[in-house]
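Per TrEMBL, these features apply:
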type	residues	note
DOMAIN	1-100	domain 'Response regulatory'
MOD_RES	D36	4-aspartylphosphate
DOMAIN	110-209	domain 'OmpR/PhoB-type'
DNA_BIND	110-209	DNA-binding region
Amino acid sequence: MRIALESEGWRVFESETLQRGLIEAGTRKPDLIILDLGLPDGDGLNYIQDLRQWSAIPIIVLSARNNEEDKVAALDAGADDYLSKPFGISELLARVRVALRRHSGASQESPLVNFADISVDLINRQVTRAGENLHLTPIEFRLLTALLANTGKVITQRQLLNQVWGPNYVEHSHYLRIYMGHLRQKLEADPTRPKHLLTETGVGYRFIP
């Protein structure tokens with residue numbers, strides 16, 4: 001596959017793990033990612049979800065998982081295309097060309113977000129305040145990145161609950177109140193008068209840099 005891609009004039013870089021792939025995506029900023037869902041350190045679906053928190057790089061999934069549920073899960077997670085193994089190289093190259101045309105000129109978001117004295121490294125999942133490391137739980141970090149990915153936009157409570165906790169929790173709005181309180185304690189200068197993690201009464205929440 002690498003030879004076929006390079007014969008089209010494309011430079012190819014390879015990563016063997018989920019974490020390394022995220023780092024490479026942030027540093028090399030490729031035009032396209034071809035992803036196998038079976039990674040040694042995690043599921044490829046997690047890679048897609050993590051990448052989509054800060055980037056719109058097109059993703060084509062290549063996988064031996066060929067049932068409809070797996071395809072839908074990958075596409076819903078943010079993949080642009082899905083090709084089941086075995087596949088023809090000519091078909092793969094055609095799909096790569098389509099994805100590149102579709103996304104040509106699309107701007108990529110930075111994996112580093114700064115506001116006030118807070119810095120969020122979305123690739124390495126690190127948050128600092130005035131240069132000091134802050135500890136965020138996995139749920140706190142997922143909630144924060146969901147807000148950062150929609151800067152300036154109101155996200156409904158149901159959207160956040162579905163994205164952070166899953167579809168079985170969309171009625172549990174008290175979870176949001178608790179964890180938004182935790183985030184404000186850690187990230188706002190005055191948690192009682194937040195300037196960045198704002199409540200839109202009766203609707204949801206909004207992040208303002």
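Note: Cβ is positioned from N, Cα and C throughout, glycine not excepted.
On a predicted model such as this, the values are computed, not experimentally measured, just so you know.
Counting residues of the domain 'OmpR/PhoB-type' (110-209) by DSSP class, helix then strand then coil, yields 37 helix, 26 strand, 37 coil. Annotation for the residue listed as '4-aspartylphosphate': spatial neighbours G44, V61, L62, S63, criterion Cβ-Cβ under 8 Å with sequence separation of six or more.
DSSP assigns D36 (4-aspartylphosphate) to a strand.
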